[in-house]
Amino acid sequence: MGLPTLEFSDSFLDSPDFRERLKCHEIELERTNKFIKELIKDGNMLITALKNLSAAVQKFSQSLQEFQFECIGDAETDDEVNIAQSFKEFSQLMNTVEEERRRLIQNADDVLITPLEKFRKEQIGAAKEGKKKFDKETEKYYSTLERHLNLSSKKKEAYLQEADTQIDKERQLFYDASLEYVFKIQEVQEKKKFEFVEPLLAFLQGLFTFYHEGYELAHEFEPYKQQLQFNLQNTRNNFVSTKQEVEKLMKRIRSADQDYKPPGQWTMEGFLYVQEKRPLGCTWTRHYCTYEKGSKTFTMSNTENKSAGKQNGLVLNQPEMFKLKSCIRRKTDSIDKRFCFDIEVVERHGVMTLQALSESNRRLWLEAMDGKEPIYNLPAILSKKEETFLNEAGFNFVRKCIDLVETRGLTTMGLYRIGGVNSKVQKLMTTVFSPKAPVDMDLDPETWDNKTITSGLKNYLRCLSEPLMTFKLHKDFIMAVKSDDQNYRVCAVHALVHKLPERNKEMLELLIKHLVTVSTQNEFNLMTVSNLGVIFGPTLMRSQEETVAAMMNIKFQNIVVEILIENFDKIFRQPPDPNVPLPQPQSQTGSRRSRGICLSTGPRKPRSLYTPTLCLADAESPCIGDTFSSSPSSTPAGSMESLSSHSSEQNTSSKTACSAQRTGQDHRRTPSQLSNGPRSTACVSSPESSSREDAGRTDGESEDALSLSSVSTVPWLSPAPKKAPHSRPDLKPLLLNRSAAPSLKSLHISEGHRSCSGSAQNVSTLESKESSKPAEHPDLPPKQVTRRRMDTSVGNGYQRPGSVVAAKALLFENASSSSSSSQSAPVGREAKAMYSCEAEHSHELSFPQGAHFSNVYPSVEPGWLQATYEGRTGLIPENYVVFL
């Protein structure tokens, strides 16, 4: 049975029967409203499912398009050509279908969702507003009527006439509201017959258009399908017949004489393991090697399994070619590996140690290369090797490298951190240390670039048979910097340096003097004392034994180099104190460990930060910064304190002054000053990056491939708001990690008598860098990208700096919070939206990308801003906007 009719005349009577009929209409409207809500929800789910299906089909189609058939032989049959092309045909067909589906999806929102939502809000919503007005006027009229009827007849006539006029007015308002409400209800009930159904009809029309397109494509595909089936059947038949012949051939080969081998191109070939030296030992890498006796050409191809470029489990690298000079069998007692022999080649300095697969295999290689038996005079050979590296040629090479760097490259960003091309560095070493090269050979500035020169210098120091600071004194240096007494550290290192052999001390002084000069230009080259320590610690010092414990001491090697740089004049220009006791092994490991856990609360020497536009640590290198967050059991005794407190009393005084300045001036800072405000931070870089950085460098590598030193910061900002379910993932995401925000600021830090002040220019530099970079995770909304970067940073102790958008917002937020008690608090700023956003609550604003906001100021809700957009005021996510 249908809905009862509502007569306008019944509105004047307002009978119970009228009210019952009116209630029936209201119930029907509410049921319709709920149904439309559910329909919109289901429609959105359907559209989302269609989008997901379309994306999956496109990904499948792309995979088909990218696959390339490769057939055996240098020619293909027509059947093979058609089969090889079939995947691309399939891909094109699916793309055509998906093009129509994309049109369906694009129109679905405008055709289905928007009209339904509009009808629900405008029509049913208007009826609800009419009901509210009707109920309000009803209550008002009947309450007025009741008061009017209670008036005494003894009242004055004028008063009664005024009361009659008032009740007539209220009655008229009630009748008007009743009539309008009845009219609106009937209008909505009639409109829903077409405005409700038309969107569904249009959506189904688009859906069937898509299906019809698929039907037409199926007809067009039929001839191609039949032809391809014919090609497949021919190929299958050919395979069956070919397989039989191949099996016969295999049986003949299997039964043939095993000693028969066809003549090969090479005199000898096969797998050999090549010893590759590292700062902390050596590794053995499998290579496929060939040797041609006539030309004495020896080639090596690295075949170790790696993650990229695999083909049948092997990495196909460009083979290295050498001209053989000599070959000598390796003495059994000189190496702990079996089946080894040494070769000398023209292209490389020194010997290459190779390991054969067996004794007989080594004998074959030695016979092919005219190998000789070793000469048993090992001490003489070692002394000759030392003389080769620590002779006048070596000193001349170091001086020439230093002169070139100080002449043209002191301000080069990432100096000594960015490695040169490996082949160029090897060519430099071969040229300089060739037996025919003169001792005082000059280095041509036009031939050798800065990266090659700096890498060559480090390579020379690493190639010494014994490190520059000797194996003998290695443990003494390490124990010296593990001391609790900072003054004793300097004095002990001072005394130990003067115990070095004279030539070692002379070379060390030459190098450290140069590093002092480099560190004075850290504002430009970013090579602070701590960063130079990270690079040259493993280069100048290494343990004789290759153990995990020795690797854990790398951070202390870095500190030794820092002390040498910071106290150069005292250590090298003054005699040591003869009363300083030699370092002794620490016995109070427990107390030092407990003190290291609370590192952030004790006095520490601040470290200068890199500008956040660069990263100066190797991507695969672990960061010493992890030590700050590691457990005591995983950290060597006293290592935490040693990492940040090894300087002299001058550093302590400058640190105290810096702290006093911070506490005394925070409340007076302007936004620009906030970018330079000092924070309680510590900065330590990777210990192993410098030892590996030259291995695979190419000219194409840029400074953006570097990584920053690890930064330990104090979280002082609220987390980002939970928002952006509708954010567009194709837009560039915001990179700010709120807890890592202080890393965006440069520090004002005094190191001894030198001062390094950051400026707001770092923010502008960051902006220019960030604007040219694509999003790391374009498939994630901004919040998820921020979280992904934060999770990634935890693994290596490094938190990536945020974007300049966040930096500017941060400056404004800091200015607002720090000057809340001041009279110059900034309010009413303008901002621009970097991403689109759809409101989830009534107090939030929806806005497109590029929207301009006025009267923007911080909200009491953390992570949100109060703003006005198109005359409406509400909340917007703070990390979605940039201030103008």
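Using the three backbone atoms N, Cα and C, a Cβ is placed for every residue, glycine included.
As given in TrEMBL:
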type	residues	note
DOMAIN	265-374	domain 'PH'
DOMAIN	376-572	domain 'Rho-GAP'
COMPBIAS	575-584	compositional bias 'Pro residues'
REGION	575-605	region 'Disordered'
REGION	627-732	region 'Disordered'
COMPBIAS	629-654	compositional bias 'Low complexity'
COMPBIAS	671-689	compositional bias 'Polar residues'
COMPBIAS	690-700	compositional bias 'Basic and acidic residues'
REGION	748-799	region 'Disordered'
COMPBIAS	756-766	compositional bias 'Polar residues'
COMPBIAS	767-780	compositional bias 'Basic and acidic residues'
DOMAIN	826-884	domain 'SH3'
Composition by DSSP (helix, strand, coil) of residues within the compositional bias 'Pro residues' (575-584): 0 helix, 0 strand, 10 coil
DSSP helix/strand/coil residue counts for the domain 'PH' (265-374): 13 helix, 55 strand, 42 coil
Secondary structure content, the domain 'SH3' (826-884) (per DSSP, counts of residues): 3 helix, 30 strand, 26 coil
Arithmetic mean of per-residue pLDDT over the domain 'SH3' (826-884): 85
